[in-house]
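Colleague: Before I ask anything, here is the structure I am working with.
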Amino acid sequence: MFITANDPNRTSWLEVENSSDFPIQNIPFGVFITKDDVITIGTRIGNFAIDLSALQMLGYFKDIELTDDVFLQDSLNDFIAAGKKTWRAVRNRVAEIFDTKNDTLKNNQKHRDVIIFDIKDIEMQLPVLIGDYTDFYSSREHATNVGKMFRDPNNALLPNWLHIPVGYHGRSSTVVPSGVNIKRPMGQTLPKGESLPVFGPSKRVDFELETGFITTDGNLMGENIPVNQAEDYIFGMVLLNDWSARDIQTWEYVPLGPFLAKNFGTSISPWVVTLDALEPFRVASPTQNPAPLPYLQQKGDKAFDINLEVYITPKNAEGKLICQSNFKYLYWTMSQQLAHHTINGCKINSGDLMGSGTISGTEPTSFGSLLELTWGGTKPIEMPDGSTRTFIEDYDTITMKGYCQNNEIRIGFGEVSSMLLPATVTVK
Ligand SMILES: O=C(O)/C=C/C(=O)CC(=O)CC(=O)O
Ligand SMILES: [Ca+2]
Ligand SMILES: [Mg+2]
């Protein structure tokens, strides 16, 4: 089916500012609650949230094969399970309904009243019920920087890294949407020069600039998803902040990898931007040398040109843009990550979340974590209020933004923005 929703010349009868991340060509999916406490699946155009369950009930999706109440849900899981043809049909239809040339809904005030909400009048929720969360480690620059600091500056990249999209299984219970604040974790750390650990609040809380992709059911247990079909099983992408406690991490990670340093909070942006919407921004990923094993060899361009930004904002003070990176820098693609994840027969479900791994580029201003930006805390960042940062302070807000832009359209993700709260000691 043709992706008519991507027509760059289409305009909407809903007002959309030029700088908006959500023109009529985006049509992301999310879950929101209205002032009347109705929870529903919706989309967004400009600063308007659109209730898809109301559109379905009022007959606007009549000829699309959909189960009853598929949008009157508190998660996207069932809709995602319906598969790519259905997502595409719904996006195409939403584009038609809100097209300037179509005045059916435009002229029906009764329908408009129950379908369209000002974005200020709704509250975004976690878009999916996340069964499993996996986090990859796919930026060569990030892996090299961390390897230099944590291990051996002369052999920064471990020998498996150029052959395997390395990852670890994370924890879905603490994945939260933008706006939910994160508490500084307590834990064990090994003070410098000591041989015994101490217990207390982490002193090195960090962010990791990542994106995440959300899957649909693609395989049975014991089967794999081939690399060149993997995109059929990717519903869409979000921005992701993998909050990380570096002091807890360095002490605990040997030999099984991150554990408590990374499962106290993972924040995601609430609107899932479909791969279909990102199609105009498809680009090549970095050349891979050595060539990966055949099951990881992909045909065609599998990366997307997504500009990424990170801001740090102290309480009641001016914020600062501290990182500018791009999704296209990643060495391993989402297709390779999904193919690798399933090559042993691991089952992927509708609503699983896969983190890209920290997205760093070659320039120091493109490093995707404070660990790298301040080089292990040795190069503090100056803030507009005169204070400095090595790691995140209590009441700092971390905001990540992401958008694609060409000379015709802008497709964005909005933001993921959350504050770090002080630790509370719950263990006596
Ligand atoms: O190299 C290590 O020991 C650990 C690296 C990380 O902290 C990275 C991680 O969570 C994966 C990523 O975001 O790239
Ligand atoms: Ca990470
Ligand atoms: Mg995390």
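Residue 1 is the first one shown; counting continues down the chain.
Even glycines carry a Cβ here, placed using N, Cα and C.
TrEMBL: automatically predicted annotations, no manual curation.
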Colleague: With Glu208, Glu210, Asp242 listed by TrEMBL as binding Ca(2+), identify the candidate in Asp135, Asp301, Asp305 belonging to that site.
Modeller: Asp135
Colleague: Relative to the Cβ position of Glu208 (Ca(2+) binding site), how many further Cβ atoms are located within 10 Å?
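Modeller: Around Glu208 (Ca(2+) binding site), other Cβ atoms within 10 Å: 27.
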Colleague: Taking a cut-off of under 6 Å between Cβ and any atom of ligand 3, tell me which of the binding-site residues Asp135, Glu208, Lys262 pass.
Modeller: Lys262
Colleague: Need this for a regression test: binding-site residues Asp135, Arg151, Asp242, Tyr253, Lys262, Thr266, filtered to those with Cα within 10 Å of His142 (active site, proton acceptor). What's left?
Modeller: none
Colleague: Taking the Cβ of Arg151 (substrate binding site) as centre, how many other Cβ atoms lie within 10 Å?
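Modeller: Neighbour count, Cβ to Cβ under the 10 Å cut-off: 12.
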Colleague: Sequence gap of 6 or more, Cβ distance under 8 Å: name the residues on the same chain that satisfy this around Thr358 (substrate binding site), in order along the sequence.
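Modeller: Result: Tyr137, Ser139, His142, Glu208, Leu209, Glu210, Asp242, Gly368, Ser369.
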Colleague: Taking only the residues in the domain 'Fumarylacetoacetase N-terminal' (25-127), give me the average pLDDT of this model.
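Modeller: Its mean pLDDT is 98.
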